[in-house]
Amino acid sequence: MLDLGAGTAAITAPLAATGARVLAVERDPEFARRLRARLGAADNVRVIQADARTFPLPDKEFLVVSSIPYGIATALLRRLLGPRTTRLRRAALVVEWGFAKRVTEPLPRSTELAWWAARFDIQLLRKVPAHCFRPSPSVNSAQLLLRRRPGATPRGERLLWALLRAARRQPTRSARSTVTALAGKGTHRLLRRHGIDPAMPTAGVRPPSWAALAEELAVR
Ligand SMILES: C[S@@+](CC[C@H](N)C(=O)[O-])C[C@H]1O[C@@H](n2cnc3c(N)ncnc32)[C@H](O)[C@@H]1O
């Protein structure tokens, strides 16, 4: 389990107490020193002083539990969710409220957000009011839960990316015409099976539907 921006160990310490293997990443040298002093003796905790945007991610599957530094939220999610080869399985994150709303919109505003939402189930669990923190930030926060959707294949994900890009380029084109252009004829029933009205503009198709469709197209 990773805690990115481990700070004063408000998350690292209870994680460590579960017996999980925890990697605490903290950029600030003084916080890192205190984290080591407090938790470094435990066999299951490793503290590294590093930038969460660039330290080497584990090469086996991992989870993240973290109240992430708000200023690098996009960079971190890009790193954790973006690559096809990501080993992230689940993440429980505290993020800024506005950010949480953006990444959980059913029809995301950019191809990148759609890519994340197609491959991960992203749920906004609850609001965390600013007064829950000391010192209180100027904005509210939210608890996000992210879970990798099962069954993704490299070919399916390549098709998914192509579909999302095509949908973004021509948002008013029908789903049927967009999918036919990429995958050939006979897509009408396939779209229906995935709950997509073939005549619907691509802008109205939700990312999980694109992902399921792409995986089925990948084995045709
Ligand atoms: C939102 S607080 C996390 C609070 C933490 N859970 C605690 O118990 O104190 C952000 C922490 O992230 C650290 N931080 C900020 N930018 C970072 C970065 N790029 N990489 C790693 N840590 C970072 C800060 O030094 C701070 O300790």
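Sequential numbering from 1, following the chain as shown.
Each Cβ is built from the backbone N, Cα and C atoms, and glycine gets one as well.
Any TrEMBL annotation is an automated prediction that lacks curation.
TrEMBL lists MET1, GLY5, ASP51, SER67 as S-adenosyl-L-methionine-binding residues, and of the candidates GLU26, GLU61 the one it assigns to that same site is GLU26. According to DSSP, GLY5 (S-adenosyl-L-methionine binding site) sits in a coil region rather than a helix or strand. For the S-adenosyl-L-methionine site listed in the record, the two most distant Cα atoms among MET1, GLY5, GLU26, ASP51, SER67 lie 17 Å apart.
Taking the Cβ of GLU26 (S-adenosyl-L-methionine binding site) as reference, residues of its chain lying under 8 Å away and at least six apart in sequence are, in sequence order, GLY5, ALA6, GLY7, ALA32, LEU35, VAL47, ILE48, GLN49, ALA50. Neighbour density around each Cβ, counted as other Cβ atoms within 10 Å, peaks among the binding-site residues MET1, GLY5, ASP51, SER67 at MET1.
Across all of the domain 'Ribosomal RNA adenine methylase transferase N-terminal' (1-150), the predicted model scores a mean pLDDT of 97.
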